[in-house]
Number of protein chains: 2
Amino acid sequence: MMRSWVESANSADCPFPLNNLPYGVFSVGDSDEGRCGVAIGEMILDLTRLEEDGHISLGEHPVFDCESWNDFMELGADIWAEFRVWLIESLGEGSEKAVTFADYLVARADATMHLPLEVMEYTDFYAGKNHAFNVGSIFRGPENALPPNWLSIPIGYNGRASSVVVSGTDVRRPLGQLKGPNDDLPRFGASQRFDLELEFGAIVGRASDDMISVQQADDAIFGYVILNDWSARDIQAWEYQPLGPFQAKATATTISPWIVTKAALEPFRTSTPERERELLPYLREPGPMSYDIALEVALAPEGKAATTISRTNYDRLYYSAAQQLCHHTTSGCPMNVGDLLGSGTISGPTKDSRGSLLELSWSGQEPVKLDTGEERSFLEDGDTLTLRANARGDGYTIGFGDCVGKVLPANDIPDWAKE
Amino acid sequence: MMRSWVESANSADCPFPLNNLPYGVFSVGDSDEGRCGVAIGEMILDLTRLEEDGHISLGEHPVFDCESWNDFMELGADIWAEFRVWLIESLGEGSEKAVTFADYLVARADATMHLPLEVMEYTDFYAGKNHAFNVGSIFRGPENALPPNWLSIPIGYNGRASSVVVSGTDVRRPLGQLKGPNDDLPRFGASQRFDLELEFGAIVGRASDDMISVQQADDAIFGYVILNDWSARDIQAWEYQPLGPFQAKATATTISPWIVTKAALEPFRTSTPERERELLPYLREPGPMSYDIALEVALAPEGKAATTISRTNYDRLYYSAAQQLCHHTTSGCPMNVGDLLGSGTISGPTKDSRGSLLELSWSGQEPVKLDTGEERSFLEDGDTLTLRANARGDGYTIGFGDCVGKVLPANDIPDWAKE
């Protein structure tokens, strides 16, 4: 562990030691204007104010005067690396900057977190093999579980960037068209099978206009967040053929507030699982491009204690974010700084490592038992979900900040939409 | 027809009479900086310069100093209407502004057109029943052609906003994973079944956070463009199950350069086709929300004359753009100013009114004969496609400007992607 003059950063359990230095956007007090900051221990270093006061100068124009990290990402990987070195020096134990910079620290407990980036476009992948197999087994039986293309393509679809919200934002149960298997016709109502998906998000930090390799794709990734891809299973079941999920996934996608940089995760690099079918050359990884990051999901009914309902690891993903991004560019699709790539649900091989209630309750056949004595097949109003991620190093922890969302009851159906 | 002091606007065949007044972004001379303008006859009225010189003042801040119509759209429907009245007065025959404003006219022939809006997010629908039936028949046979949800939902999926380009932009044949029906495994190569889709685009001019009605959706639409949703059928066939089209549709989507406002299309309102299944109340239209607009597609091989390969009408769409937008908001999906909604391919009931080569050539079984003597099952390198739209009024025409794109050969496969 690297030690900081910010004492709270030096505990082995602290999610934000000097080794981490994740990037976020926060506000304090009455102002809701977002400022760029880096988390260190229990504090946030206010980079916007440091830049205003001339302690940071990364170019001709200010970089931290906007409410996102997009401008910083635009500066490119060399500046990402240089700035991280400067931060580690400035916040390291014994730094001569301690006296001055102490005035630029804000307590995390006093801060409200905002989206750390302007999400340009949002793509969601389906890169977890256990998840794809489980979902396929539920709907089509285990013999037809995995689609024929699954072992060849990191399957993805475009999501809705406007629906991405930061941790702590309440999520309203969606309305939509619902049709049960025995119904002749659909009806319009509130989703009864509202679910979470435990995912990670990779943030694209470099634009591209043409196809890039897996290595170039890895180089283009700026950092990672935890991501909950809220999903209305009943809306999805009726709408998704033939063009994929649409309104089932458009209510909200929650991300954790801190972008953990690729640099901070470097010690935790590991390989994706062994290939079960040889990949086409363009998708082969030149080195380890996954990460060993422990993940867990906790569910708390309204006013009650939380139960951890799933524990798994990021390294279960069959396709890395770099493979996903490479594939995304094959057709010439332009990628932009601020694009967000959801990993797909990260389920492990065992029942207690499944990343969605659809899988955990096996589509409602085996409801999940909570420590409170209650059961859950899908989410109920008032439930709060907390997704956590931790990479454990030698005497230190790299945390992401919780990814939290509470389910609000559906809106009343408007009069003009009633039957 | 309303008459203008810009004489070229007063011909019955002119696509841009005073009745139209479509909005675009253009540049002239060596500058590639886009300026906002309105088309009138053979000319463009330079609104950016008019605003700079104090002849237009729509609020505290300039509206036309950016390279898009997004800021103007943000002003809201009352200003849209007032500004149109002001333009009609200013450009109308006998206007006292003629002397001054004549200096702000630029010949369309001298202008380079840019994207008229910043596309925030792009959604593509599948709202043409003949198209859905044709495509379903080709892939699943006529008895299973229409998916069970099709008569209940305006089926849509999220597309890639970064791939939207303005008319005149060349389009490079995409690379991707291809697997023929008799192949065991996919290979990586250039699409051999590259196609067009004749569509319309509706531009969302008002943001919403909650579900809106069909009437509110119609009110929120700012205007329309022609849209060509380039599609790689072979990439799509292998990738699209279970989550829908992804790289097959990510190469490019071309739109025509002028936004024709809803106000200009008002005289052409007509109803969507008769419902074959009663819609849920929220999707019922309170009045006519389609338009009578003649559409055609011309294909010109490299260096040769064009053949018109399809003629159809916008009113063939089963679901209006207002119904599409309403459905888009059901789950609480936030919509933003500058969102673009593709209509889906607009095919008529007859063979010569089909809106894609997939349908026109019936998946290659019945190649289309061109006037040059050549045949086409799918697009060949060097082919130029021109999509046109015209609404014909009493002695005048509302045109959209051509939606043009030429197919360039695929890029060479990079060494690291070769087998």
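Cβ coordinates come from backbone N, Cα and C, glycine included.
Any TrEMBL annotation is an automated prediction that lacks curation.
Database features, via TrEMBL:
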- A:19-116: domain 'Fumarylacetoacetase N-terminal' (DOMAIN)
- A:123-406: domain 'Fumarylacetoacetase-like C-terminal' (DOMAIN)
- A:ASP124, A:GLU197, A:GLU199, A:ASP229: Ca(2+) binding site (BINDING)
- A:TYR126, A:ARG140, A:GLN236, A:TYR240, A:THR345: substrate binding site (BINDING)
- A:HIS131: active site, proton acceptor (ACT_SITE)
- A:ASP229, A:LYS249, A:THR253: Mg(2+) binding site (BINDING)
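Where TrEMBL records a feature, it is marked here on the structure.
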residue: A:ASP124; record: Ca(2+) binding site; contacts (Cβ under 8 Å, 6+ apart): A:GLY156, A:TYR157, A:ASN158, A:GLY159, A:GLU199, A:ASP229, A:LYS249, A:THR253, A:LEU341, A:GLY342, A:GLY344
residue: A:TYR126; record: substrate binding site; contacts (Cβ under 8 Å, 6+ apart): A:ALA132, A:TRP150, A:PRO154, A:ILE155, A:GLY156, A:TYR157, A:GLY344, A:THR345
residue: A:HIS131; record: active site, proton acceptor; contacts (Cβ under 8 Å, 6+ apart): A:GLY344, A:THR345, A:ILE346, A:SER347, A:ARG354, A:GLY355, A:SER356, A:GLU359
residue: A:ARG140; record: substrate binding site; contacts (Cβ under 8 Å, 6+ apart): none
residue: A:GLU197; record: Ca(2+) binding site; contacts (Cβ under 8 Å, 6+ apart): A:ASN228, A:ASP229, A:TRP230, A:SER231, A:GLY344, A:THR345, A:GLY355, A:SER356
residue: A:TYR240; record: substrate binding site; contacts (Cβ under 8 Å, 6+ apart): A:PHE246, A:ALA248
What DSSP gives for A:ARG140 (substrate binding site), in three states, is helix
Listed recorded positions A:HIS131, A:ASP229, A:THR345 screened against chain B; CB under 8 A survivors are none
Three-class DSSP assignment, A:THR345 (substrate binding site), comes back as coil
Close in space but at least six residues away in sequence, with Cβ under 8 Å from that of A:GLN236 (substrate binding site), the same-chain residues are A:PRO245, A:ALA248, A:LYS249
Binding-site residues considered: A:THR253, A:THR345; fewest surrounding Cβ atoms within 10 Å belongs to A:THR253
In three-state DSSP terms, A:TYR126 (substrate binding site) is classed as coil
Binding-site residues considered: A:GLU199, A:ASP229; fewest surrounding Cβ atoms within 10 Å belongs to A:ASP229
Once DSSP output is merged into helix, strand and coil, A:ASP229 (Ca(2+) binding site) belongs to strand
Around the recorded Ca(2+) site (A:ASP124, A:GLU197, A:GLU199, A:ASP229), other residues with Cβ within 8 Å of the Cβ centre, ordered by sequence, are A:LEU198, A:LEU227, A:ASN228, A:SER231, A:LYS249, A:THR253, A:GLY342, A:SER343, A:GLY344, A:THR345
Excluding A:ASP229, A:LYS249, A:THR253 themselves, the Mg(2+) site's Cβ centre has within 8 Å the residues A:TYR122, A:ASP124, A:GLY159, A:ARG160, A:SER163, A:GLU197, A:GLU199, A:LEU227, A:ASN228, A:TRP230, A:SER231, A:ALA250, A:THR251, A:ALA252, A:GLY342
In DSSP terms, the domain 'Fumarylacetoacetase N-terminal' (A:19-116) comprises 36 helix, 24 strand, 38 coil
Excluding its own, the Cβ atoms lying within 10 Å of the Cβ of A:LYS249 (Mg(2+) binding site) add up to 29
For the domain 'Fumarylacetoacetase N-terminal' (A:19-116), the averaged pLDDT of the predicted model is 97
Per DSSP (helix/strand/coil reduction), A:TYR240 (substrate binding site) sits in coil
Span of the recorded substrate site, as the biggest CA-CA distance among A:TYR126, A:ARG140, A:GLN236, A:TYR240, A:THR345 in Å, is 18
Three-class DSSP assignment, A:GLU197 (Ca(2+) binding site), comes back as coil
